[in-house]
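K.L.:
Have a look at this one before I ask anything.
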């Protein structure tokens with residue numbers, strides 16, 4: 001499911017550390033060396049490298065990279081090098097502090113990580129920011145966005161497969177009634193989406209489609225410019241079909257005037273080690289071109305090289 | 001801080017298991033033997049006993065106790081024997097399923113346990129009920145109660161001591177403004193109480209008292225019969241001064257026509273191993289009699305004996 005490739009024989013951590021340190025020395029930076037190491041180490045290996053780098057050179061590897069690199073390539077390398085829960089904490093912190101209704105980082109972290117992973121993010125958030133994640137989310141958002149995002153980021157969903165079909169029927173009807181009344185911010189509507197297990201949400205939404213004729217997200221398109229409705233749709237899609245959700249984010253990020261590097265970087269950095277293979281398959285199915293060629297067409301230089309390496313492009 | 005006493009030399013677990021099993025045999029039950037063992041074992045020891053009992057007798061010790069005992073004594077023994085996170089999960093489940101505005105179990109679990117302990121309760125809740133705690137709380141409560149309890153039970157508060165004094169000033173004023181406007185269910189009022197660290201809440205409420213002349217809970221007494229206001233006061237008191245909060249619950253449970261065994265049992269079973277010593281000191285200070293004599297006066301039989309043993313009464 002991951003797309004990154006790790007060499008069969010990984011060099012000793014101390015060698016990686018020295019190669020990276022060499023890449024930073026003198027005039028200019030050897031970006032190729034940085035990519036060839038960091039793009040091909042998994043989370044545990046990168047953690048060891050970061051730790052060993054700090055011991056050997058008395059500096060956080062992240063700080064060294066920050067000093068050497070710039071722009072989109074810098075952002076991608078920094079996000080990638082972080083351990084997943086710390087990376088999510090950073091993204092969530094940025095996103096809550098300068099919140100905009102079109103930002104999807106919080107929704108993605110709350111809906112596509114496992115309950116345990118989301119809890120780890122909340123733990124790291126304490127250590128890193130001396131605050132709680134929900135404290136920042138609830139403080140920096142307002143209105144309907146807060147009403148949705150606050151319970152989302154504090155959720156600890158049950159992860160079993162059991163489904164209560166009679167509950168699914170009742171709650172599908174409730175969702176449909178609220179949508180018919182345009183009560184998109186209804187307390188119970190939000191309660192169902194933010195607290196039920198993913199299996200139960202899936203059952204409820206299947207029931208919705210069977211009973212009322214079309215997918216709930218079609219019914220949530222009353223006003224295509226309404227940012228809260230768009231966030232509701234993103235929440236539902238990322239909960240029930242994360243690969244399709246991420247495919248669409250990537251598609252919209254590259255198929256437009258001027259690439260959306262923010263979204264492209266975030267999705268590649270956060271998914272390369274998890275479900276990027278499925279996301280790429282969805283992309284190929286939907287667009288009849290590979291994600292690799294779409295990214296190669298839309299980006300360039302070290303940024304392009306790093307993106308392609310992370311999504312396991314054979315050209316990289 | 002705990003009041004239970006554990007013998008210097010604890011018998012082997014297998015001896016405890018056999019003594020308990022013997023206490024259940026034949027006509028009648030040897031309640032004294034049950035008390036003499038279970039009231040004097042800490043959580044880890046009780047866990048081992050329960051495990052060993054299941055292995056030796058192919059029956060959950062809890063089921064065996066349930067069969068043998070009745071009434072308040074049964075309830076106290078069952079709650080006490082449970083491991084603390086499982087006990088809290090049971091209490092939270094009962095409380096959310098037949099929710100009443102005067103029930104304090106959810107507030108106590110959300111506000112007086114550490115963030116890590118509350119997370120453990122949520123973990124056990126999954127295993128025990130195939131649901132999430134917040135799913136039940138949000139589903140079975142409504143209106144203002146839901147608005148307060150849902151974020152409370154999902155909170156994972158930062159636990160550091162750092163305090164932001166300028167934030168404390170701003171938020172103290174906000175709380176005061178909302179109370180002046182009688183907006184007790186205001187979004188930001190609830191956000192401050194349910195997401196800020198306990199240290200920060202304390203700083204804000206001290207600021208409140210300094211700036212506006214009296215404690216916030218005095219200002220939250222506009223209507224003494226309003227159950228939501230009472231729950232807000234309980235939330236604030238249990239967050240900022242759990243020993244005083246629990247002292248008052250115990251005082252109200254015994255100083256009335258007919259003891260409130262529900263509250264008495266819950267507080268003794270949940271606090272005996274943690275802060276019951278402080279609660280007893282508060283009780284003595286406030287009432288000029290010891291909690292031991294108040295309980296001895298108000299209860300009788302095995303229930304009394306078990307309560308006194310748990311609160312470390314020298315007469316027990």
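Glycine is treated like the rest: Cβ placed from N, Cα and C.
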K.L.:
If TrEMBL says A:24, A:26, A:28, A:256, A:258, A:296, A:299, A:304 bind Ca(2+) 1, which of A:9, A:66, A:68, A:227 does it name for the same site?
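P.N.:
Looking at A:9, A:66, A:68, A:227, the one TrEMBL places in the Ca(2+) 1 site next to A:24, A:26, A:28, A:256, A:258, A:296, A:299, A:304 is A:68.
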K.L.:
Which binding-site residues from the set A:24, A:28, A:304 come within 10 angstroms of residue A:298 (Ca(2+) 3 binding site), judged by C-alpha positions?
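P.N.:
So the list is A:304.
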K.L.:
Near residue A:24 (Ca(2+) 1 binding site), which residues of its chain come within a Cβ-Cβ distance under 8 Å, counting only those 6 or more away in sequence?
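P.N.:
Set apart from residue A:24 (Ca(2+) 1 binding site) by at least 6 residues yet with Cβ under 8 Å, we have A:64, A:67, A:68.
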K.L.:
Give me the non-local Cβ neighbours of residue A:304 (Ca(2+) 1 binding site): same chain, 6+ apart in sequence, Cβ-Cβ under 8 Å, ordered along the sequence.
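P.N.:
Long-range Cβ contacts: A:295, A:296.
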K.L.:
Is residue A:298 (Ca(2+) 3 binding site) helix, strand or coil when read with DSSP?
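P.N.:
Going by the DSSP assignment, residue A:298 (Ca(2+) 3 binding site) falls within a helical segment, counted as helix.
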